[in-house]
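Student: Before I ask anything, here is the structure I am working with.
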Amino acid sequence: MSAEILNPNLRRVVLASNNAGKLREFSALFAPLGIELVPQSELGVSEAEEPHATFVENALAKARHASRHTGLPALADDSGLCVVALGGAPGVHSARYAQQPGGARSDAANNALLVRELAAAGDRRAWYVALLALVRTENDPCPLIGEGLWHGEIVDAPAGEHGFGYDPHFYLPQQGCTAAQLAPEHKNRISHRAQALAQLLDKLRATGPVDRP
């Protein structure tokens, strides 16, 4: 099957993230579209600040930062876990939930804190959120936004070797396993990021030319 090639200006896009797990997932999702994702670290771009209270504002800030420093179109993801019993926390703070001032981020520490916080909670419902923002230029007046939600439950015991972040504790009742137990190719079809990407690409096709070789 021929790859679907989007607007030639989008053949090379900087990914506004230094997260290796996100790079793997997004590279796999974008490869069939003929789009090369280049991590911002390879282009000497530092991480942007994430001062905002919403996923969409943080995603836009990161995308504009990467585009400003590279002159390339930029894709940013701001995603996180929202837990009903915690009032939507950790939310936009998911990646640094257990981070101490001046300390490093750690998936293990984040997961341990999450389990402790839910020790007495009967309601384990949670959902992953993914917000994707694609800007063609730093000052793109019409950035493309895609949103995806993935519902599940938090379990105490981790299971699975795939994925990253909270995946070992994110149980999917319909699949009967955690997100970390899904094969990567399966996860990439149903995850919050896959849903957000599908929405973003629908908008991209509606606003720009699509060439099919």
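Please read every residue number as a count from 1 along the shown chain.
Even glycines carry a Cβ here, placed using N, Cα and C.
These numbers come from a predicted model, not from an experiment.
Pasting the relevant annotations from Swiss-Prot:
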- Ser17, Asn18, Asn19, Ala20, Gly21, Lys22, Ser79, Phe164, Gly165, Tyr166, Asp167, Lys187, His192, Arg193: substrate binding site (BINDING)
- Glu49, Asp78: Mg(2+) binding site (BINDING)
- Asp78: active site, proton acceptor (ACT_SITE)
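Any idea what these are sitting next to in the structure?
Tutor: Annotation for Gly165 (substrate binding site): same-chain Cβ neighbours under 8 Å, separated by at least 6 residues, are Gly21, Leu81, Ser94, Ala95, Asp107, Asn110.
DSSP assigns Asp78 (Mg(2+) binding site) to a strand in the three-state reduction.
Long-range neighbours of Asp78 (Mg(2+) binding site) (same chain, six or more residues apart, CB within less than 8 Å of its CB): Glu50, Phe55, Val56, Asn58, Ala59, Lys62, Val92, Ala130, Leu131, Ala133.
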Student: Which residues does Ser17 (substrate binding site) neighbour through Cβ under 8 Å, counting only same-chain ones at least six apart?
Tutor: Leu23, Pro39, Gln40, Lys62, Ala76, Asp77
Student: Around the Cβ of Asn19 (substrate binding site), how many other Cβ atoms lie within 10 Å? Please give the count over every shown protein chain.
Tutor: 18
Student: Within 10 Å of the Cβ of Asp167 (substrate binding site), how many other Cβ atoms are there?
Tutor: 25
Student: If the substrate binders are Ser17, Asn18, Asn19, Ala20, Gly21, Lys22, Ser79, Phe164, Gly165, Tyr166, Asp167, Lys187, His192, Arg193 per the record, what's the largest distance between their Cα atoms, in Å?
Tutor: 21
Student: Rounded to the nearest Å, what's the C-alpha distance separating His192 (substrate binding site) and Glu49 (Mg(2+) binding site)? Just drop the number here, would you?
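Tutor: Here the two Cα atoms lie 23 Å apart.
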Student: Using the alpha carbons only, what distance in Å do you get between Asn19 (substrate binding site) and Glu49 (Mg(2+) binding site) once rounded?
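Tutor: Between the alpha carbons of Asn19 (substrate binding site) and Glu49 (Mg(2+) binding site) there are 15 Å.
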